[in-house]
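Peer 1: Can you keep this structure in mind? I'll have questions shortly.
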Amino acid sequence: MASGADKPVVFRDFVSTAPDARFKTEAGRYHLYVSLTCPFACRCLAVLYMKGLEHVIGVSVTHPTFQRTRPNDHEDTHCGWAFVKPTDPPLAATNGKGAFPCTGCVPDTVNGVKFVRDLYEMAGGKKVTFSVPVLWDKQEKTIVNNESPEIMRMLNNAFNALAKHPEVDLYPEALQSTIDDSAAWVGPHINMAVYKCGFAADQAAYDAGFKDLFSGLDRAEALLGGRRYLTGDTVTEVDIKLFMTLIRFDEAYFLCYKTNKKLIRDYPNLCNYVRDLYHIPGIGRTVDMYHIKAGYFTSKPDMNPNVIIPGGGEAWWAQPHDRADKFGAGRRGGGGALRWLQRLPEWAPHAAASAAAALAVGAALGSSRRR
């Protein structure tokens with residue numbers, strides 16, 4: 001039996017405006033560590049952007065390709081997220097193949113560590129997965145929370161007094177039960193079902209995950225044929241959770257995780273829904289297709305020994321959508337939040353150009369012999 005000192009450390013604390021809170025709402029106190037590959041980390045980043053909290057909470061972005069986190073210890077074979085500068089030389093995969101640029105990376109400017117693992121060990125984390133997102137408290141030098149749904153709620157609620165867009169509410173009281181009901185099936189039957197396929201240990205497990213996933217996608221397709229967003233005419237946190245899986249599906253999961261029954265762009269409603277959400281500035285800003293593809297195709301060389309990144313197709317997600325015309329631009333709360341979310345004249349061209357550039361980089365990498 002393991003001793004108490006060997007038990008996993010759980011990071012489930014909360015930032016709060018309460019006067020007696022351990023982690024009080026303060027500008028400049030917290031830092032968010034993410035990977036642009038990871039859908040769970042990007043959920044939190046989207047909320048941070050949508051609320052307008054960049055001036056309140058700093059962000060560091062890992063390299064998309066896993067690295068040996070203790071390269072000088074031959075007995076420690078752990079591989080995980082690494083921090084680099086965007087100007088650093090390209091990194092190879094852990095099997096030595098490839099050379100993947102550091103474009104879009106942001107180093108750890110708070111603690112100066114090289115790996116996400118270092119953050120957990122600084123915070124006393126043992127026998128845990130060294131995952132992202134990580135919400136870090138600079139004052140106590142520890143991890144506040146590493147659960148994406150809880151970090152999303154904190155960013156949505158706890159920093160309103162400091163946010164540029166406090167009117168954006170992704171978990172409004174009137175919709176909370178509906179949001180929770182939606183998350184109860186989107187989570188296991190779509191968000192996690194892709195991993196059931198990708199990491200299945202045998203054919204039976206894969207077949208079950210495959211069936212579950214496409215049943216979930218069919219359900220979402222049918223639902224979104226009758227409403228603009230999952231809970232009605234308002235963007236909520238569950239839409240962000242669904243989007244982060246859908247945007248990765250065609251370019252990563254379809255091949256890497258063998259989810260090859262249909263592409264998202266083959267679903268009329270899901271395809272249009274992804275375009276709708278992508279054109280919301282705070283959500284589309286999290287999409288870096290180079291990081292997404294590089295992460296999935298280079299971080300686990302046992303699944304892709306030659307570490308080749310597929311070229312991919314056109315950036316269909318950046319194309320225009322017609323869901324505003326079909327369902328209206330949103331009415332809840334006088335439409336204040338949605339009017340801001342749909343203010344796109346300067347964003348849409350930038351988003352399309354960014355997506356096209358990311359695909360070009362991915363195509364170039366996929367056609368090389370590197371990694």
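Yeah, the Cβs are placed from backbone N, Cα and C, and that goes for glycine too.
Feature list, courtesy of TrEMBL:
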ACT_SITE  Cys38  active site, nucleophile
BINDING   Trp81, Glu147, Ser148  glutathione binding site
DOMAIN    161-302  domain 'GST C-terminal'
ACT_SITE  Tyr195  active site, proton donor/acceptor
SITE      Tyr253  site 'Lowers pKa of active site Cys'
SITE      Tyr296  site 'Lowers pKa of active site Cys'
Peer 1: Whole-number Å distance between the CA of Tyr296 (site 'Lowers pKa of active site Cys') and the CA of Ser148 (glutathione binding site)?
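Peer 2: Cα of Tyr296 (site 'Lowers pKa of active site Cys') to Cα of Ser148 (glutathione binding site) measures 19 Å after rounding.
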Peer 1: Where does the mean pLDDT land for the domain 'GST C-terminal' (161-302)?
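Peer 2: Taking every residue in the domain 'GST C-terminal' (161-302) and averaging pLDDT yields 98.
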Peer 1: What's the CA to CA span in angstrom from Cys38 (active site, nucleophile) over to Trp81 (glutathione binding site)?
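Peer 2: Rounded to the nearest whole number, the Cα-Cα distance is 11 Å.
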Peer 1: Taking Tyr195 (active site, proton donor/acceptor) as the reference, which of Trp81, Glu147, Ser148, Tyr253 (the recorded positions) have a CA within 10 A of its CA?
Peer 2: Tyr253
Peer 1: Including all protein chains shown, what's the count of other C-beta atoms within 10 A of the C-beta of Tyr195 (active site, proton donor/acceptor)?
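Peer 2: Around Tyr195 (active site, proton donor/acceptor), other Cβ atoms within 10 Å: 14.
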Peer 1: Provide, as an integer number of angstrom, the distance between the C-alpha atoms of Ser148 (glutathione binding site) and Tyr253 (site 'Lowers pKa of active site Cys').
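Peer 2: For Ser148 (glutathione binding site) versus Tyr253 (site 'Lowers pKa of active site Cys'), the Cα atoms are 20 Å apart.
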Peer 1: What's the CA-CA gap between Trp81 (glutathione binding site) and Tyr253 (site 'Lowers pKa of active site Cys') in angstrom, rounded?
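Peer 2: Between the alpha carbons of Trp81 (glutathione binding site) and Tyr253 (site 'Lowers pKa of active site Cys') there are 20 Å.
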Peer 1: What is the separation, in Å, between the Cα atoms of Glu147 (glutathione binding site) and Tyr253 (site 'Lowers pKa of active site Cys')?
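Peer 2: Each residue's Cα considered, Glu147 (glutathione binding site) and Tyr253 (site 'Lowers pKa of active site Cys') end up 22 Å apart.
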Peer 1: Hey, of the recorded positions listed (Trp81, Tyr253, Tyr296), which one tops the CB count within 10 A?
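Peer 2: Going through Trp81, Tyr253, Tyr296 one by one, the largest Cβ count within 10 Å is at Trp81.
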Peer 1: Based on the record's binding annotation for glutathione (Trp81, Glu147, Ser148), what whole-number value in Å is the widest Cα to Cα distance?
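Peer 2: The widest Cα-Cα gap among those binding residues is 17 Å.
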Peer 1: Summarise the domain 'GST C-terminal' (161-302) as counts of helix, strand and coil residues per DSSP.
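Peer 2: Helix (H, G, I), strand (E, B), coil: 94 helix, 2 strand, 46 coil.
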